[in-house]
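For reference, Swiss-Prot has these:
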BINDING   Gly11, Asp29, Lys30, Lys38, Pro39, Ala75, Ala103, Arg120, Asp260  FAD binding site
Amino acid sequence: MKVVIVGNGPGGFELAKQLSQTYEVTVIDKEPVPYYSKPMLSHYIAGFIPRNRLFPYSLDWYRKRGIEIRLAEEAKLIDRGRKVVITEKGEVPYDTLVLATGARAREPQIKGKEYLLTLRTIFDADRIKESIENSGEAIIIGGGFIGLELAGNLAEAGYHVKLIHRGAMFLGLDEELSNMIKDMLEETGVKFFLNSELLEANEEGVLTNSGFIEGKVKICAIGIVPNVDLARRSGIHTGRGILIDDNFRTSAKDVYAIGDCAEYSGIIAGTAKAAMEQARVLADILKGEPRRYNFKFRSTVFKFGKLQIAIIGNTKGEGKWIEDNTKVFYENGKIIGAVVFNDIRKATKLEKEILDFYS
């Protein structure tokens, strides 16, 4: 069976790796470089790791695994009748097609948005790194995973960092946990502007409802927009993302979708960890070993500055501190969620316990 994967990000790469010993695999990606670690981009920008450390696998690795890798090649259309992906360089036939096209950065619809940088690719990271090294400072707009991680790492590296967030709380967490994150980042040197709405940008800074904030380098991290254009052009059903069922099947026969481009019952993965787990589950399905992915369960770990935090399961409602660094959330006497600071071993143990609730 010939499996074609469009996209070489965390989900697409992991799927290719999982299937390469079983099927003939081709990966198509519009970027000109092999797989790199997107979660480590902010660490590279801050100067904590060199650029080459972002690339764990060489092109030779793909060849040794028997994976055909077609880089700098954009998929333009899917001919579902002939089962062919049409690219700018030719046609690629498939038996099974997997769309792992990821997402792009959401841009605010404001005057002066051309003065804002975004972070999704290694080339975005290169531009940001060069800009901040020249200026020594950055304004970050957005208090999600990317914004907080970048702010913490840049501040830890000695840059002057201002973070603008339209709300007062972060990552869907409660006020107590949000304040802890804020306090820890403030100790690192991040200056916060909360409940601040971005209105306009120019070369000298940004205008918010709280006033004008000066800064030459402005990085916007206010969310993602799933890349659905290929699917939509090809007549595959889309909403915010490419619509899939609980086996990752799209509305087109023998076409699947995973990662940030895929939408299941209103849910979009949003993290590299989720995309990679979806890839592992889909690989088993395609090998004839059916397995279920729990779309409602979230688990992510990220690091900004000296702070490492794991967010697991449902963290809504009233939680209880069981240790200084661990807050858990219960339902009917069972743990349904947890937030763990600076202890990945404990987070892994709790994740297994919480997964039992969801299974």
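Glycine is treated like the rest: Cβ placed from N, Cα and C.
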Cβ neighbours of Asp260 (FAD binding site) where a neighbour is any other Cβ within 10 Å: 28
Per-residue Cβ crowding (10 Å cut-off), top of binding-site residues Gly11, Pro39: Gly11
Fewest-neighbour residue among binding-site residues, criterion Cβ within 10 Å, set Lys30, Ala103: Lys30
Distance in Å spanning the most remote Cα pair of Gly11, Asp29, Lys30, Lys38, Pro39, Ala75, Ala103, Arg120, Asp260, given for FAD: 25
Where Pro39 (FAD binding site) sits in the secondary structure, as DSSP reduces it to three classes: helix
Reduced DSSP assignment, Asp260 (FAD binding site): helix
